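**Student:** This is the structure I have questions about; it appears just below.
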Amino acid sequence: MPYTPIDIKAEQEAFEREVAAVEQWWKEPRWRKTTRIYTAKDIVQKRGTLQIHYPSSDQAKKLYKLLEEHDRNKTASFTFGALDPIHVTQMAKYLDTVYISGWQSSSTASTSNEPSPDLADYPYDTVPNKCEHLWFAQLFHDRKQHEERFRMTPEERAKTPYTDFLRPIIADADTGHGGITAIIKLTKLFIERGAAGIHIEDQAPGTKKCGHMAGKVLVPIQEHINRLVAIRTAADIFGSDLLCVARTDSEAATLLTSTIDHRDHYFIIGSTNKDLQPLSEVMFQAEQRGLLKVMLAAVEEDWTKKAGLKLFHEAVIDEINSGYYPNKQALIAEFTTKVHPLSNTSNKEARALAKKLTGKDIFFDWEAPRVREGYYRYQGGTQCAVNRARAYAPYADIIWMESKLPDYAQAKEFADGVKAQWPEQWLSYNLSPSFNWNKAMSVLYQETYIQKLAKLGYVWQFITLAGLHTTALAVDNFARDYAKIGMRAYGQQIQAPEIENGVEVVKHQKWSGAEYIDNLLKLVTGGVTSTAAMGKGVTEDQFKDDKSKL
């Protein structure tokens, strides 16, 4: 006997209506490039009876429309990592999206309050909390502006600059902070807290590094696809148009967790010296003999020199070149035509082809060089990233290859490689502050680099840590001069330029919403309040007669 009486027919009809609504939703042009491995019925079964509309989905629609326009025009949305409400309100005047960096959050905003480098070892609600912080600020300043404008006449509004404070936010989901269920929960957090899009990378969660650190460990291709599917599943369950950005760190990766996915086989390094013990055994024996630190490193270096480490196709080419084979170049061409970075040939198939061409079982052991943590050695590169990006494309709105340098030729190689299979795929580019921009290119080239990338299809570009660096520079300059010349530093280097440039934060009480709150108080008290923050005696009256842009 059920606790609550329910009309089964009405329940079934409601379910079927919702399934039909989801199917209709998925027919929208926004989803024409998206692959789903489940049905609308599967999704509706996972929903509750109360459907909540999340404003972040409206922001996602706005973001998608914005990027569509950039794609048509061969332009780009370019932005940077925001730290706080000051950043987002100032960015909103000039930039059309906002980025939230896991790196910045790790160093400045962990929910544990413990600073850290970018290892994604902070509590997994850290970036969602920062997202909510900035999203609430956007909503507040939008309300404040709306209230101020509608205290004006239409003629006054026409003369008053308008700022769209609701710039879509794209946030850093790192590796998802765990398995599939963790990713689903993390995605829900981002949807609830204002994200229009999130990005997730193909590193292993326990060893995640900043994209510009060494020692990156990848997960197999299918494991990352599962993450992308998990994000879309969560977004579908919660009725969100959330954009998914798939990042690959394979360009500079050196390790892989597993050989299970044949699409990774081409890039796995093996030993070609059959007389050596596996490295892990050699290192264990050295430790048992009491060797430490430098001596252990020497043992590993000696083993590595003797191992003949290479990729399987390199071992095949070396065998053909060193052996007694007629038509060597023809043999190499036949092998490399069928086994190449984008062929997704399994090692078993590659071995069979090599034996057919050479008559030999070529020795190649990818187990022997495994590092002490158990990972396989891996040789990434641009074509490796292209191969992964092609696999991720059906499950992601945007693809991002993390790179070591701001190299246009490499960016073009990646874009061309992805678009050869997926011509309409949107791409993203990290204009990283880890690059030495003044060594990488001329000042003139710096000015046009974003536009050059946009023409290749990089529709969303961002400086991950510009919020951090601009804040550091401004505070360092002011603190140094303040120590030397006192209030002259503030008056001449901060306040005067604020007034001259029309930076509204110079009237910080008004910027923070004091007038808006006063008007709320008056609304509640019938129009009169003796405790108005901006009443007689407020010090911002000193700025009223200032001949400025404010």
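Cβ coordinates come from backbone N, Cα and C, glycine included.
Quantities reported herein were computed from a predicted structural model and do not represent experimental measurements.
Reproduced below are the annotations present in Swiss-Prot:
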- SER101, GLY102, TRP103, GLY211, HIS212, ARG247, ASN430, LEU431, SER432, PRO433, SER434, THR464: substrate binding site (BINDING)
- ASP172: Mg(2+) binding site (BINDING)
- CYS210: active site, proton acceptor (ACT_SITE)
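Quick one: how deep are these features, and who are their neighbours?
**Tutor:** In the three-state DSSP classification, ASN430 (substrate binding site) falls within a strand. Using a 10 Å Cβ-Cβ cutoff, ASN430 (substrate binding site) registers 21 neighbours.
Within the same chain, the residues at least 6 positions away from ASP172 (Mg(2+) binding site) whose Cβ sits under 8 Å from its Cβ are ILE100, SER101, GLY102, TRP103, SER105, VAL127, ILE198, HIS199, listed in sequence order.
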**Student:** By the count of other Cβ atoms within 10 Å, pick out the sparsest of the binding-site residues SER101, SER432, SER434.
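**Tutor:** Each of the binding-site residues SER101, SER432, SER434 was scored; lowest Cβ tally within 10 Å is SER434.
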**Student:** Let me check the 10 A CB neighbour count of TRP103 (substrate binding site). How many other CB atoms are there?
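**Tutor:** Its Cβ has 24 other Cβ atoms within 10 Å.
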